[in-house]
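J.: As listed in Swiss-Prot for this protein:
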REGION    1-74  region 'Head'
REGION    1-54  region 'Disordered'
MOD_RES   1  N-acetylthreonine
COMPBIAS  25-47  compositional bias 'Low complexity'
DOMAIN    71-423  domain 'IF rod'
REGION    75-106  region 'Coil 1A'
REGION    107-120  region 'Linker 1'
REGION    121-258  region 'Coil 1B'
REGION    259-275  region 'Linker 12'
REGION    276-423  region 'Coil 2'
REGION    424-551  region 'Tail'
DOMAIN    454-551  domain 'LTD'
């Protein structure tokens, strides 16, 4: 049978329910088992019965069936360690992937930078710009790189025209991507600088200005930068028509900014636009002065030539005089036209300035109104708070009164239930309390009896280490204790624990325990407010309730 039991343990756990197939026979006293024959079918192990084994193991003697259990435990440990390793491997794998992605991004950026640095030839720079534009469609960071590339191209200044074209393309790309508004503004500024350097492509500069205006329409935040760029373009351009276009663009920008004035308040708008408009006006005036000077110089030269010719021949002089007079007329009409245009522009500027001032005044008025409304709201809130405080005081008074009223209500209810027999107040009170006067001396005794016979349940058991030890009948204190002992003994911090009092399924009061470490098998007392003045030991606490519950 010993061999049978070992094979049983190696095979693992068979079902405990086995058919009784063995034959019970009477055997000789010499035979080993007197109850039944030793020829047991199946390996019903005769080593130890399950009940005995259970008792032994619960009393701490375990190693009867030891080898198998040890194997099981070792397998469990190995499995846990394997799971830990697998988790680590997953984590490292994720980190490696992240680092690889970062490396790739860094390499791409480095490659782009290297390409920009290496491209000395104009064609190579143009190709790099095209590549950057393609990247810009892909990502915003690439757009920043494109801006850097444009700056590099401007610095190289190998082919100014090509650089301008590339800048225009970059500006278009920036316009396409609304996300990189700031980048677009920077690109526009770069484009303006490039246009100034080129100075040949005035039309390109105008286009850039238009693009800047569009960008301003797209993002009002960059409007100031756009206006500055427009002013720079106006200064750079010598052509009067271009200047007029720039002025129109500036006016449009001013209108847009005036519309956006209410949105954000960073600086006094009226002053800012006044200074900006005066700048523009000054530029225009200087341009017109130059034009008039040139015209006058040309007229003087023509007159000198006419005088020299007149000295040569009188008839020819008469003819030339007529010509000169015609020329002077033409020039005068031109000057008149120019002056009229300038006056118009000045009038428009004045009107825009007036509009800006009006908008600023309106904004100030709105702000004042908002402040007044806020003050009124604050006053209303204060009044409401005072009312709420008064209501809270009234509620407290009502709650105090309610307790006194409940007994009276019970008595009146008894009266109303229609007992015809005239009943004394005392028996009424006894009925309400639920006590028949068992020869008690006075009403006070009955009430005390009823409080003693009332019921209050306390949660004695607890899942955690802390349980109730005792609860005072008169409601003056509650004692809790740390019940851990033996191997599970540990100190428990009371921080964050509460003692709740529930009445009819609703939490009537909850007491937050103070931050105190309660060692095992130690008590902690919670006193009601009137029962004790102050905590004498540090394992005590005074609650802010007058009674913790009676009964």
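If you go along the chain as it appears here, the first residue is 1 and each next one adds 1.
Here the Cβ of each residue, glycine as well, is placed from N, Cα and C on the backbone.
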J.: For a three-state summary based on DSSP, what are the helix, strand and coil counts in the region 'Coil 1A' (75-106)?
T.: 32 helix, 0 strand, 0 coil
J.: Please give the average pLDDT for the region 'Head' (1-74) in this predicted model.
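T.: When the pLDDT values over the region 'Head' (1-74) are averaged, the result is 57.
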J.: So how many of the residues in the region 'Coil 2' (276-423) end up helix, strand or coil by DSSP?
T.: 140 helix, 0 strand, 8 coil
